[in-house]
Amino acid sequence: MNNCRQNLENFDPEVFGYLNDEIKRQEEHIELIASENFVSKAVLETMGTELTNKYAEGYPGKRYYGGCEHVDKIEQLAIDRLKKLFNADHANVQPHCGANANIAVYVAVLKPGDTVLGMRLTEGGHLTHGSPVNMSGKFYNFVDYGVDPETGTIDYENVRELALKHKPKLIVAGASAYPRIIDFKKFREIADEVGAYLMVDMAHIAGLVATGDHPSPVPYADFVTTTTHKTLRGPRGGAILCKEEHKKLLDKSVFPGFQGGPLEHIIAAKAVCFKEDLQPEFKEYTHQILKNAKAMEKVFLDNDVRLVSGGTDNHLLLIDCRSFGMTGKEAENVLSEVNITTNKNTIPNDPETPFVTSGIRIGTPAITTRGLKEAEATKVAEFMIDALKKRRPAEEIKNDVVELMKQFPINR
């Protein structure tokens, strides 16, 4: 029991050392992975509280364990704040992640073998939108739609044709690598035409939706799933919004249908995050995300770099690395050497495998959290061009990156 009184540094210096290495990496690197962000001190603090000790199966006021009177209040706060943030009828804040949120909706409205329409992974979708390597693709009959090969944007007429042909029980809208505005009203019209439920996965754009920087799916979708990190800038976790008539069905699907005990320390951190997202400053933040993405877009286009769909309407850009005569994997490695973190990503009609790819995906949420604005975002894009076109020595670019990021410390 004496071990319980020791701090991390004293009890496990090995883990403590690796933790500090990661903190140093985050400080000295430019984080451009579109799904990553930096949480506030308040969110970080909440995740490390004694709430992690508490089991609380069930929902506020209806638990299977005693001693839940305080976590009930916290979880209800998270629910109420999330509903207010998106003007939603109902919210479930228990999903451990975005994938769990998606699967919970499937469990709620589908039976194994039911037909679902979802976006093709290689053209911007997500593993849980029916990829054959994911349980969604194994349990359900997913028919996939993609983007127009010329424009790189969703072909809504093709979506409609597929829906009319296959009569899906559920249509899934939303993406993990799509840089343009999604027309949720069109998806609703298609769903209504074939009598399907509509689920929107807004994990990537949730922060933008909350502030009006992207149209909201909430008025149109039966279910809306999201992560709570990414553009919401909260702890790693998931959440689901739904219409009032689906409330009981959804809650039963999350628990006991798909999950057991909720992570109340994470739910508390979600509550803190949602309070942050309701502040006026959060609107300024999401507006700046878009400004920074546009600033980077200009640099790439001015340097004859091909961007999928020709640019961006949101927080992310999808870069065709064949513009530099290399694969996405090679580009990711080149940028990593100069302390710029990205991820290789498939692009429409990609001739490479998912482990190699022809593209990289970048996003501006994390650098915007650190305080970078258009001038610095422009500089970051120029660093990328310099590295990928080998205009300057890698060590010189890396030094410039480290010096730039010293001006924008994390959580200071």
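Note: Cβ is positioned from N, Cα and C throughout, glycine not excepted.
Source: prediction; values computed, not measured.
Quick look at what Swiss-Prot annotates:
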type    : residues                                               : note
BINDING : Leu121, Gly125, His126, Leu127, Thr353, Pro354, Phe355 : (6S)-5,6,7,8-tetrahydrofolate binding site
SITE    : His229                                                 : site 'Plays an important role in substrate specificity'
MOD_RES : Lys230                                                 : N6-(pyridoxal phosphate)lysine
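Distance between Cα atoms for Gly125 ((6S)-5,6,7,8-tetrahydrofolate binding site) and Lys230 (N6-(pyridoxal phosphate)lysine): 16 Å, as a whole number.
The binding residues for (6S)-5,6,7,8-tetrahydrofolate are recorded as Leu121, Gly125, His126, Leu127, Thr353, Pro354, Phe355; their greatest pairwise CA distance is 16 Å. Secondary structure at Pro354 ((6S)-5,6,7,8-tetrahydrofolate binding site), as computed by DSSP, is coil. Across the fold, the C-alpha of Phe355 ((6S)-5,6,7,8-tetrahydrofolate binding site) and the C-alpha of the residue listed as 'N6-(pyridoxal phosphate)lysine' stand 23 Å from each other. A sphere of 10 angstroms centred on the C-beta of Pro354 ((6S)-5,6,7,8-tetrahydrofolate binding site) encloses 14 other C-beta atoms.
Annotated pair His229 (site 'Plays an important role in substrate specificity') and His126 ((6S)-5,6,7,8-tetrahydrofolate binding site), C-alpha to C-alpha distance, rounded: 16 Å.
Distance between Cα atoms for Thr353 ((6S)-5,6,7,8-tetrahydrofolate binding site) and the residue listed as 'N6-(pyridoxal phosphate)lysine': 26 Å, as a whole number.
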